[in-house]
Each structure stands twice: as C-alpha cells, then as structure tokens.
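**Student:** One structure follows; several queries about it will come next.
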Amino acid sequence: MEYPKNLLQERLGHHLLEVMPTESGSCSTARQAKQKRKSHSLSIRRTNSSEQERTGLPREMLEGQDSKLPSSVRSTLLELFGQIEREFENLYIENLELRREIETLNERLAAEGQAIDGAELSKGQLKTKASHSTSQLSQKLKTTYKASTSKIVSSFKTTTSRAVCQLVKEYIGHRDGIWDVSVARTQPVVLGTASADHTALLWSIETGRCLVKYSGHVGSVNSIKFHPSEQLALTASGDQTAHIWSYAVQLPTPQPIADTTQQICGEDEVECSDKDEPDVDADVSSDCPTIRVPLTSLKSHQGVVIAADWLVGGKQAVTASWDRTANLFDVETAELVHSLTGHDQELTHCCTHPTQRLVVTSSRDTTFRLWDFRDPSIHSVNVFQGHTDTVTSAVFTVGDNVVSGSDDRTVKVWDLRNMRSPIATIRTDSAINRINVCVGQKIIALPHDNRQVRLFDMSGVRLARLPRSSRQGHRRMVCCSAWSEDHPMCNLFTCGFDRQAIGWNINIPALLQEK
C-alpha cells in the first residue's frame, strides 16, 4: 500500500518520528515486526558533507537492506528524514552561535564582576548588577536565547497542573444517559438532571439523594433550567413540548464526607472500558416524590425541543427545536410571542443573557445567532460564522463576550461588538458538547465526546483536565457541564451518557496561580 506524501509529512513534520506497529491479526506477527523493526532501525547521522553526500549515503544503506517497502515510499521517507536532519542542523548551528554570544557576553561582564550561565538564561534567572547599558544587552540576549530554544522545547513540553481537582459526589439513579445538568439559583440550592429515560431528577448536592422526580414528559428530557427567583423548573423534551413545573424540597441533613484521595489535574489517565458503568440495581428515584403534571406546557414546535431557557426576570422563556426555529413564550399565558426563524438546519442549544434581553441559538448549520429583544420595537439578529461543523452550544459570559463550542473540536470566544472573527480559539482533540463558563473567574469547562473534561481560561490557555480512571470519572461521552461558584462543597458539575452526574471541587486559586 502506498501512503500519500502529505500524510507522511504530517506525521514526520514535528521534528520527531514515532514508529508505531502495524495492526495484524495475530500477536506473533506483531512481535516479529517489532523485532525486525529494531534490527533495521535507522540512525540519522550528522556530517559536514554536502547535501548530496548526506542524502546519498542513507540511500545506499537502504538499498542494501532487505526492505519490503515500495521504492516510492522509501524515497519519500528518505526525503522527509533529510528535511528533519536539515532542520535540526540549522537549529543546532543557531544554538552554537548563541552560545558563543553568551561566552562573549560573559567575558564583557567578567570585567564588572558578573558572569551569566546559559542554563540561567534558559530559566530566566538574570541577576543584574552591571550598568544600565549592560543590563539592556543581557536582557536582549536572554530573550533571543529563549525564543530560539523554545522552537525545540515546545515540541516536548507537557502541560501539568498543581491544582487539586477532586471528585466529591456521584449522582446515580437515571436509567439512561443524562443530557443536561443545572444548578438552582435560589434557596434551597439543588442539582437538576435531564435524561433520555424521560425523567428529570432533583438532587441534594451534599448527600447525593434524589429529592424530586418529574415524569410529565413522554419523550427524552433534553434540558433543564431553574427559574431565576422561584422554585420552578423548565424542561425541554423530545415530545415536542417544554414544561414548566413547580417543586418544593426539604434538604436532608448532610452526612460527613468520606476522605477521598485527591487527584492532581494532569495528562495521565488509566483507560477503562465503556461497559464499566455505574450499577443501578434499584430505582433510587422511586422513593422520592414524583411530579407528573406540569403547571404550563409550551406547545408550538413541530419537532424535538432540544433546549429551553428563562429570559431575564423569568416572565418569558425561549425554546430551541429540531424544526429549525426558536420560540419565545409568555410564561403566564403560555402564548407564543415570537418565532425566531433563520437557521438552515436543526437547532442544538439556546441560552439567555443573565442581565439583558438577549438570546443566542446554535445550530447544525455551523452558525449561531444572537437575537436582541432589548428594544420592543426592533428585534435584531446577528449571525456568527466561524465553525466548520455543528455548533453544539453558545453561552454568554460577563461583558460582551460569547463562547461557542462545536463538533469541529474547537471553542471560540467572541466579542459581540466585533463579529468578524473570534478573539480566541481553543483547539482540542475531540468534539465538544454543552459548555459552561465560570463567570466570576472566567474559566470555561469543556465536556468532550472522548469522556474528558478540560478547563481553559478565556484567552485559550489550558488550565487542567479533570482526573479520569477506571475508578472515577465519566466512562462515556460527557454531555454537559455546569458551574456553581458559590457552593462550598461542589463548584462544578458534569453529566454524561454513563447515566451519572458528578460533583467536583476545583481549587480555583491554585488553578489560576498555575497560569
């Protein structure tokens, strides 16, 4: 099989060649291939000969070996190895020149009683005791040295964090995957989950007990949001409706929390099977009060209602549907106020601004739209284009910023005053689902299809990855994240298709200190 040249360049173009074993039908074949690869491994040797001699010698060596690679593939590999060697040679020569400049500088500073070591320069530990002009020269050389060495160092740098990200509580009781998670904004503060098992559950954050079960929908419950000032919940469902229902709960007395092992956010993980899901031997929600009839049912969509949210003040609600429309309802009368049309494909999410009459809707058409209801006589709409795949969610943050996540594996931060291009772009290795932003600290929680949850700041700097192993963390796609900044026990919640929600305690001061 002949591999395209651009694929090889992509694999070999980052200064390193990672040789992986080819998958085969038997373990013995793989071992033989590994032994053969070791016996025929190549070493790139540096010479001072001309480029023709440098490429000619390996070619003769390769031709003399018993290789089963096609000649075109071998030739392409040879060219790529030569490019890698030349690039490292240029960096090596440049570093030698910089080392000579450091030695020259040391000689100049020695006369003034100070010498600088290259290691100190690489660490940025420059102690200035010389004159002002000498200090400026030293700083300039340090900057140049660090910029040069970073070309190589950046290829090997790994991101770690000292911030403690601790799994505090697991909320297990749904019979199917959980699509959405939300935290009440009024007392008592409870956790809400919306599941494909046709129910929404309210939980005690401290004890993990189910407090209320809502079973008024006849389809998957796709989202849940709490009223800003009353004990009301808004749920959207695959039965083409959104329901508003009232709840009254009494929080149980919290039990002492067992001392669990703290986990350090980092890049290490232990893989676990998708089948290792939490066991639900009995319906834990069967013992809690069940609500079966809503106060209000919002009907007008001709397709699945995928999301719903309260407008500021809680007197109106907006719904998003697979029928390509979003609808604005009056909560008291359940009447349709506005139908928001314009998306070319199914909607995936909707979100409202916490203090202004603004709505943002996202869609499979790779765009999200901003709807402005601040002026009763003018309802303007702005279209944001910047993703190449389904926009799974778009949420408001403080000020005039919107953060959008997409199946194209990117998250983008936008300024509402300049819609032409994002002010920051976060690139990841997996599709991103319903994101949430810690407004006070400006931290974005990214739930991924690959079972990971990552934390970034608004400028796109990665802060941490939540721990996941065979004993803790999500075992399937993570669907949603929700911050609860003021809660003393858990300040971040995630849910997934492993049928569980998880409460985390994120040490935010340590997280930001790592920046």
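Note: Cβ is positioned from N, Cα and C throughout, glycine not excepted.
Reproduced below are the annotations present in TrEMBL:
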- 88-115: coiled coil (COILED)
- 23-32: compositional bias 'Polar residues' (COMPBIAS)
- 41-50: compositional bias 'Polar residues' (COMPBIAS)
- 23-59: region 'Disordered' (REGION)
- 171-213: repeat 'WD' (REPEAT)
- 214-246: repeat 'WD' (REPEAT)
- 298-339: repeat 'WD' (REPEAT)
- 340-381: repeat 'WD' (REPEAT)
- 384-424: repeat 'WD' (REPEAT)
**Student:** Near the repeat 'WD' (340-381), which residues from the same chain, at least 6 beyond its ends, have a CB less than 8 A from one of its CBs?
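**Tutor:** Contacts with the repeat 'WD' (340-381): 303, 306-312, 318-328, 387-396, 402, 404, 406, 408, 416, 434, 439.
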**Student:** Same chain only, please: residues at least 6 beyond the ends of the repeat 'WD' (384-424) with a C-beta under 8 Å from a C-beta of the stretch. Say none if there are none.
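**Tutor:** Distal contacts: 348-349, 351-354, 358, 360-364, 366-370, 430-437, 439, 442, 444, 446, 456, 458-460.
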**Student:** Could you give the mean pLDDT over the repeat 'WD' (340-381), rounded to a whole number?
**Tutor:** 94
